[in-house]
Amino acid sequence: MEGRHRERREEGDEETIREQERERGEQRDGSPKPKSGTKMEEEDEGKETVLMKASSRDQARSQLINGHTPISASSSLTSFPFISSPHQGRGGEDEEEVRVAILTVEDESCPSEPFGTTQFEPTKDDIGHAESGGEGKEDGEMEGEEEVAEEENEEVEEAANAEEREEEGELASPEAHLQLKMKRKLDHGPDGRPFPSGKKHCKGNGYLSPSSLVQATPTTFGDLRLANGHSAQRRRVTSGPPPSGLQDWLHTFQMWSGPERLLALDELIDRCETSQVKHMMQVIEPQFQRDFISLLPKELALYVLTFLAPRDLLQAAQTCRYWRILAEDNLLWREKCREEGISECASSRRRRPSAAVSEWKSTYIRQHRIETNWRKGDTREPMVLKGHDDHVITCLQFSGDLIVSGSDDNTLKVWSAITGKCLRTLTGHTGGVWCSQMAATTVISGSTDRTLRVWDAESGECVHTLYGHTSTVRCMHLNGNRVVSGSRDTTLRVWDVSTGRCEHVLTGHLAAVRCVQYDGRRVVSGGYDYMVKVWDPETEVCLHTLQGHTNRVYSLQFDGVFVVSGSLDTSIKVWDAETGGCVHTLTGHQSLTSGMELRDNILVSGNADSTVRVWDIRTGQCLHTLQGPNKHQSAVTCLQFCRGLVLSSSDDGTVKLWDLRTGAWLRDVVALQSRGSGGVVWRIRASDTRLVCAAGSRNGTEETKLLVLDFDLDEKNKETD
């Protein structure tokens, strides 16, 4: 290619000489006045100057200029603005035009300006030469410069024609195809986009003097590794000695321009195997990774970390020391606890975590461990508390580390949830205990002896005996310092626990009162007369009588807005407490609804048909029916909500754990040895960390006992140590 270009330029120079010879002949024929001998010698010198400059331009394309290789096949000529244009002199004669041609050098060394153009900056010597010697330039030299520009245009047209020939299939040889790809790289840059008009891809920065070109230090991958604190000697492949000619190959690569290197790398990658490309990635990728967390201000870094899940935070803490400091931030873990509904930090009675560990983080980890123990369980056997002989445990309460069980043997027993020992037995009732309530260490019990008793669980003393009912006290509900009791005598009574005085009597039911709820403002009661009543205890007025059930009402729930009643007629009704209207009738159960639990708008109901159902009381829809292969085999006796879980006990001798959100069975928490043959779990009570079950049998196959399961044993063991 360069040979053909050189031949064209030599032909152009010869044509210029022949044209000038014809002009001399025309002068000799008498047209213009012939020039003097001195003038002729100057013209001959001008011709030689044109030829020498054309030859020097060819050499400039093939040689390095102070270590730089021009990126384009031809150099662009520009004129400086401080050189004046031709104008008319005072005498009317044209003054000679003075122009200076400047060679543009494309530099590939500096990555700061990918599309800049590095030019020669004229020195004082260059400017002085232009001012003093510019007048000596002849028209022949200017014509030579125009020919060079024409040759550049021809090269561009030839490249375009070559591309067209390639599209038509004319460039069939690999060498021609590779040469064309090289040309495209030179003209369009590494990403294939054309350069701005009049510019080639150049990474240079600033203007260089033609007398002293200074090459900027290239930023190589080795420099990048050193900047990142890594050794310049990276991991080598131990496959033997280096191949012969490796240094020559590397030297050749260094001699190429930027686009030429990119083209060579493209071809090299296409010829690599997968394992070789993987090796390159392992070497290159770590150098472009940045620890952005350490570069951010602490406040922003903590904000970013709030988007991580707790498990990811624990893994991030293992990255480095600074990440561990951020991942241990107390406010960060408080936010994570808030997202999980954990509102209290670790209990003050527990061992205080070390200063390096966030208290809220310790709280979160503890709660996560407890949740895992609930869902997956362990091999530990439950703690067994034996008492009440072979009598039935009719009611069960626990608060803190104290458990209180009531039985039809006329007594209540106080147990330690930690040691399992019976601390004291509460005696005084003359009939079986059928219901109880507990707050802190205060216990209230109702009996078939028609009385209520107020006990101090720590001392075992009976503080008050509440007289007034004329039949069995069947139900009660404690709120604050007041307790409301319902009796088979069809009345309800409101008592002051601290004084033992009866404050109000609510009358209106036509049969025994079976269930009661009290929120501190309103009393709701359900009875064997099929009715539900809403009361104002202060005025002793029945505000609403909710009629609709066709059989006895056995269970109630009240959240201040909605009243939910379960009946022997198999239905569950949702009522508006303010208007008394029936909002929804929930159908699906086949028998008596013996127990219910209400949280927000989610209702869980247990039925004698052996199923448990989950409802949305605002829409009236049944979300889940907890049944299937692992369902209960007999009537459900009791229900509890706990940590997004549902616990259900049954006459089949088991306690089952269900996922409230999905309705899936998780596991059997308790399974009596006599299950299926008379063993019964009568009552269950649960807190965040414990489950207490009252179990026995009706035929003597299982002795009466309490089973205590603690899901926070790891923390307990630490405290014991």
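Every residue gets a Cβ built from N, Cα and C, even glycine.
Taken from TrEMBL, the feature compositional bias 'Basic and acidic residues' covers 1-32, 47-60, 122-139. The compositional bias 'Low complexity' feature in TrEMBL is assigned to 69-85. The annotation compositional bias 'Acidic residues' is assigned in TrEMBL to 140-170. Annotation comment: TrEMBL describes 290-336 as domain 'F-box'. The region 'Disordered' annotation in TrEMBL covers 1-174. Taken from TrEMBL, the feature repeat 'WD' covers 393-425, 426-465, 466-505, 506-545, 546-585, 586-625, 629-668.
Here the repeat 'WD' (506-545) has Cβ contacts under 8 Å with residues 471, 474-480, 482-494, 551-560, 563, 565, 567, 573, 575, 577, 579-580 of the same chain, all six or more residues outside its ends.
Packing against the repeat 'WD' (393-425) from elsewhere in the chain are residues 383-385, 387, 431-441, 443, 445, 447, 455, 457, 460, 682-685, 687, 690, 692, 694, 696, 704, 706, 708, 710, 716: each is 6 or more residues past its ends and has a CB under 8 Å from a CB in it. For the repeat 'WD' (629-668), DSSP puts the residue distribution at 0 helix, 23 strand, 17 coil. Within its own chain, the repeat 'WD' (629-668) is flanked in space by residues 370-371, 374-377, 591, 594-597, 599, 602, 604-612, 614, 623, 674-676, 678-688, 691, 693, 695, 702, which lie at least six positions past its ends and keep a Cβ under 8 Å from the stretch. The helix, strand and coil residue counts that DSSP assigns across the domain 'F-box' (290-336) are 33 helix, 0 strand, 14 coil.
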